[in-house]
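J.: The structure that follows is given in the form of structure tokens.
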Amino acid sequence: MADGLTDIDSSQITTNYDEVVTSFDDLGLKDELLRGIYGYGFENPSSIQQRAILPVIKGNDVLAQAQSGTGKTATFSISALQNIDEKIKKPQALIIAPTRELAHQIQKVVLAFGEYMKIECHACIGGTSVAEDIRVIQEGVHVIVGTPGRIHDMIERRILKTDLIKMFILDEADEMLSREFKDPIYDIFTTLPETTQTVLLSATMPAEVLDITGKFMRDPVRILVKKDELTLEGIKQFYIDVEQESYKFEVLCDLYETINVSQAVIFCNTRRKVDYLTQALTEADFTVSSMHGETEQSQRDVIMKAFRTGSSRILITTDLLARGIDVQQVSLVINFDLPSNRENYIHRIGRGGRFGRKGVAINFVTSEDHGMLKELERFYSTEIVEMPTNIADLI
């Protein structure tokens with residue numbers, strides 16, 4: 001499992017495909033792809049990856065009913081990269097997402113996994129330069145990820161040629177088909193070769209999604225992931241505009257001077273950042289403990305025990321802990337980095353409100369993070385407001 005991924009119990013999955021592969025090494029992946037997966041921080045496949053990667057690699061159409069937070073982005077990214085011929089620098093996989101932010105997130109994952117394959121992946125999204133899209137696509141890319149309108153436009157202009165597309169991936173299909181995207185998505189489908197494999201991911205199965213599966217999918221493998229209902233109810237969510245990355249530490253120290261917190265969890269996106277912040281806070285005379293994916297299990301147990309008993313007041317970690325940490329005293333969660341994928345947000349800040357306790361989440365936001373902040377608000381139908389000056393009274 002990667003630090004940035006939550007997992008689900010295998011009993012929560014139903015499928016008409018029985019084979020389960022519990023190690024990335026046993027999936028028959030290209031060596032360069034494996035290097036990219038492990039380099040990204042993944043250790044073992046999540047439950048959905050154990051079941052879905054193989055049927056996709058084998059060429060089956062796959063219909064996965066899965067909420068965010070189950071590892072589905074990595075599932076289709078790994079599968080697409082395995083089936084791409086990196087020597088042919090033309091679009092071979094087409095991934096459609098409902099928002100620009102999600103498209104960018106997927107692009108980052110594809111590029112990270114495909115680093116050693118020398119994969120070119122372009123995000124083709126509205127609100128950006130059409131001329132730049134044309135230039136990049138004509139220079140040659142292996143994977144296109146984007147929003148329906150712009151992708152449809154590029155196909156209409158005959159810039160994006162679909163004749164070599166092997167795999168078509170529709171993420172958050174229910175969200176797109178319930179909005180204004182139905183017509184462009186249908187039009188895109190009709191431009192694809194008959195042999196194109198379709199992978200469709202959807203949290204729910206409304207009539208619009210079932211209509212697409214009936215029209216465009218051939219005997220799909222079905223994977224249903226039931227997911228715990230999580231809520232942001234009871235969690236007060238704030239952000240601090242830190243402007244740039246280098247100011248975060250100073251802001252954190254200032255914050256700790258104004259509040260009195262029994263315990264807090266601080267989330268960072270990388271192991272390196274956890275190590276840096278641990279050292280910096282220790283040198284500033286804070287009592288902190290930390291753990292991430294490279295921390296030995298025995299050491300993790302010691303650290304968690306110290307945190308549970310209160311002998312450690314600040315725990316710094318990656319998304320390794322974004323699920324399953326039963327620490328009742330945690331009243332404050334600080335996202336030193338906004339999560340790199342939206343689904344981990346609810347698992348991170350859900351720490352604060354467990355067992356009916358109220359909690360506060362404070363997000364450090366750089367000038368580059370405002371798009372992601374808006375995306376989190378949209379995705380969770382919530383409001384994240386600027387931190388008030390009387391924050392100490394709210395914790």
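Start at 1 and count along the chain as shown; that gives each residue its number.
Cβ coordinates are placed from backbone N, Cα and C, and glycine is handled just like the others.
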J.: For the feature motif 'DEAD box' as recorded in Swiss-Prot, pick the matching range from 11-14, 171-174, 323-326.
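T.: Going through 11-14, 171-174, 323-326 one by one, Swiss-Prot gives motif 'DEAD box' for 171-174.
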J.: Out of 22-50, 138-166, 341-369, which range is noted as motif 'Q motif' by Swiss-Prot?
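T.: Spelled out, Swiss-Prot records motif 'Q motif' over residues 22-50, not the other listed ranges.
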J.: Averaged over the whole of the motif 'Q motif' (22-50), what is the pLDDT?
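T.: Per the prediction, mean pLDDT sits at 89 for the motif 'Q motif' (22-50).
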J.: So, by DSSP, how many helix, strand and coil residues make up the motif 'DEAD box' (171-174)?
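T.: Looking at the motif 'DEAD box' (171-174) with DSSP, the answer is 2 helix, 0 strand, 2 coil.
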